[in-house]
Amino acid sequence: MRKTRARLAAIAAVSALALVTACSSDNESDNGNGAGGSSGGSEGGSDLSGTISGAGASSQAAAQQAWQAGFLAANPDTTVNYDPVGSGGGREQFIAGGTDFGGTDAALADDELATATERCTEVIEVPVYVSPIALAFNVEGVDELNLQPATIAGIFNQEITTWNDEAIAADNPDVELPDTAITPVNRSDASGTTENFVEYLLAVAPDAWPHEASDEWPVSGGEAAQGTSGVVQAVSGGDGTIGYADASQVGDLSTVNVGVGEEFVSYSPEAAANVLEVSERLEGRGEYDFAYELARDTTEAGTYPIVLVSYAMACATYDDAAKAELVKAYLSYVISEEGQAAAAEAAGSAPISDTLRQELQPAIDAIAAG
Amino acid sequence: MSSSTELRHPENQPPPPPGAPLFDKPVSRLGDKLFSSAATGAGVLILVILAGVAAFLVVEAWPALWADPEEVPGGDGIVLYIWPLLFGTLLAAFFALLIAAPLAVAIALFITHYAPRRLATALGYVIDLLAAVPSIIFGLWGLSELAPLTVEPTRWLEDNLGFIPLFEGPASTTGRTMLVASIVLAVMILPITTAVIREAFLQTPRLHEEASLALGATRWEMIRMSVLPFGRSSIIGGSMLGLGRALGETMAVAIVLSPSGGITFNMISNGNPSTIAANIALDFPESSGLDINILIASGLVLFAVTLLVNMAARAVINRRRDFSGAN
Amino acid sequence: MSTSPPSLDKAPEPGEPPVVLERPALTHGSLPRRAAPLALLLWTALGLALYLGADLNPVVAGLIAAVGYTVVICGWSRSVEGPRKAHDRLVTAIVTGAFLVALLPLVSVLGAVLSRGLERFDADFFNNSMRGVVGEGGGAHHALMGTLIVTGLAALISVPIGLLTAIYLVEYGRGALARYITFFVDVMTGIPSIVAGLFAYALFELFFGAGVRMGIMGSVALSVLMIPVVVRSTEEMLKLVPNELREASMALAVPKWRTVLKVVLPTALAGIATGVTLAIARVIGETAPLLVTVGITSSDNFNPFDDRMATLSVFSYNQYATPGIPPEPFLDRAWAAAFTLILVVMALNLLARLISRLFAPKTRA
């Protein structure tokens, strides 16, 4: 009796498992052009096929998802994976050869560049994702706020502690400021967003900001939250809070107009993309290495200087010809007008300009089998 | 095949030679040998795995231990980098256990000895399910449901009990405090702790319980005299399982806690010490080079702490060994 | 078990003249049968009234009701039934109260997962992967399969090892080795999950080079976390098998290994099944170790020996951590994935119960 029951149970379990594992996703069985929202691919079939994997900055995750969808629509036989492990992991895996391409919020450091060049003969590093970092605040009765860089530094360094401080009032004569305490909110995880924001403070208000640039928040005692969504949640959950976060995720929160030169600029994709126009490429790196020294202290009108620039990394030569083709096609799509528009829609990034695209295209065209 | 054939005396055994002692040595069978060596092998394999983990930790942490203090984040060397994290870890886990252990015993008692049978089965089931809720969900729950609830009470605590260092304040306006982190951890370890204790309580010999009731004991006296002593090693064992989980919990703490202060016993402000595991999760993705070694060194410390905690627990359990059925 | 002790004797009649030797009362008085529920009802009503009428904080109102009930029932019981009974009632009130307090957050968590998870809990969610999906739509078919495969393999690795180790510890282990193993199994329960993940990564890196990602790596990492839980719970259960059973079996000259397999294991089977289910439940929702070993992909990959796989927990985490705009569909997917995880464990639980009902000998009436 027992034995039969056991056997029956075993058979039932195994067959249930087999039944479940046998089928594949509905949207994959019909060649992958499933429920995609954006269809920006070119008409006609493509002969590309295969799989490429990338890993890196989580800031790019939503944009990468959009790029994959768009690329897939045009090349149904391909698979692109992007694993948002973080910039550090992305660089490490790319250098070690674990991934075919990578994403990073900070350009490769010199020693990393050297080892990467060994793998790749020539490293391609192009800015693909530009996102404004907004300063979101939640203060009862205040909808609009102008802040000078030094004031921003003072607030985040906890020198300016109440909202009706003179430094804030001076720039906002028309706003009735309450006497609530300021709770600055920062990222608790190491992130490219923090690094870019701290670099900005360091560049524009070196007197009010005594801390070094780092991807970890240097001031203790504030409110700290994990990830962009955590910061946004903390800002909207408290009273008298102010935090920095990727502009696309800020939602209904009011944001600060940042002082640039003589005027106050509110964030917009165009104003953020302008930063790359006024910035210089880093010297002494490879021909195809488009790492930028961002001009955060710019006084150019209509430029929003607090931005996160995230790069895509690839090799100029791959052992596998098919892989080289695929990486080249994918990155071409990423920087194309459609690709950048898809990312802007899905992730709120700032599309790169046509002039920049023309500069970048030769670098991607250089990808070949070797 | 019925097992009754096995109960007969083995027939292939030769009769003992005349004059030989009746029992010279235990009969050894192939099955026994295979079985016991498989069991021993599994045990040894566990030691090997653990040695592997330890070796990995030590090798990866080595460069960080001898690193130039200047290169460690904070610039004060590895010890001063890890100490606040360790402090935070212990603080959070201690309060979590303080909340969870009595509750777990109460739940287990309620389910096994107080609740009506049908209700008890259903409840046990619900609590088992909670062991499966992924930790990030506990984190999100703590962030969106629990934290806002604590804002008012913590403000009250600050005003009225502010002289106790735990409630010194200033109270956080978002509720993302050490107190909330401890409660979330407590809720997280409740299911697993309860399950272990409950199983042990269920196994209390019925005869002991009935004998005790027959002698006129009230239900509580019966529980105190027969259930609790029997389950004591399981209570400690279950609590240790819970403590292990609380010490090493990563995602929930990372999401809930606002880690931005140094060492403080203040449970209700927004400047809290971080915990080792949460700190690894928060910083690992963006780290490379020496920073990774430093994070793994902090993992090694956590590992060592667990070792110590378990040593203490083992010592306690060993003193109570007499209640096991198989000694 | 009923709460009120049976009344064997009647109290001495009031009119009876005093006897020479005073007859001691054989029983204490006892509260009326409905005393406790009625008192509880009364105080609950009062608490509700305070909450609704006087606008009191629900927590404070609940506290007042609970303390009020406890004080009244204990005081009453002490005066009528004596201190021992009163003590018993006090403990009953405390245990029940603690239970209710503990249940609140647990129910709240389940409620949150249920209400938010149902938003996207539809057929599409189970039939689609995230391949080619931007914004709304998409599903977690790939992640569900990945979780089943990775966790299944982890169970396949850890259950035999854990079970055998527990058998060794309880049935064979004597001396130093057994002590070491017991101790280090305890140590192993404390390995932070992320460290287990890093360990598995480092192990596979040795053989497959840097940046490797495979489903089986996740299984190994989860096994490191799962083995000690299996050992600990199985060990506890085996220890609770009465020695008399073993002795009886041995006395009938059953070889030890058969005693273990046919007598000890079946007796403890129900507990072991619960333990294994718990162990699976413990690891199935792990995020951190899978994040560093299995990674994430948006397409189907059911081969655990090649490239990245999606798993429900990492899927859920990713949807939460890196949402696009608007974030709502991403969060909905995250909650739905968590809800699915709970359902998977529920199914496992049912299976464990089925197993224990089918195979375990009846130990209790």
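Using N, Cα and C of the backbone, Cβ positions are placed for all residues, glycine too.
As written in TrEMBL, here are the features:
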DOMAIN    C:144-352  domain 'ABC transmembrane type-1'
TRANSMEM  C:35-53  transmembrane segment
TRANSMEM  C:59-78  transmembrane segment
TRANSMEM  C:90-114  transmembrane segment
TRANSMEM  C:143-169  transmembrane segment
TRANSMEM  C:181-204  transmembrane segment
TRANSMEM  C:210-231  transmembrane segment
TRANSMEM  C:263-284  transmembrane segment
TRANSMEM  C:334-355  transmembrane segment
Q. Which one, C:35-53, C:181-204, C:210-231, has the most C-beta pairs under 8 Å toward the transmembrane segment (C:143-169)?
A. C:210-231
Q | For the transmembrane segment (C:181-204), sequence-distant contacts whose Cβ falls under 8 Å of one of its Cβ atoms, 6 or more beyond its ends | A | 165, 168-169, 173, 212, 214, 217-218, 220-222, 224-225, 227-229, 231-232, 235, 286, 288-293
**Q.** Stretch in C:59-78, C:90-114, C:263-284, C:334-355 most in contact with the transmembrane segment (C:35-53), if contact is a CB pair under 8 A
**A.** C:59-78
Q) Relative to the transmembrane segment (C:263-284), which of C:90-114, C:210-231, C:334-355 accounts for the most Cβ pairs at distances under 8 Å? A) C:334-355
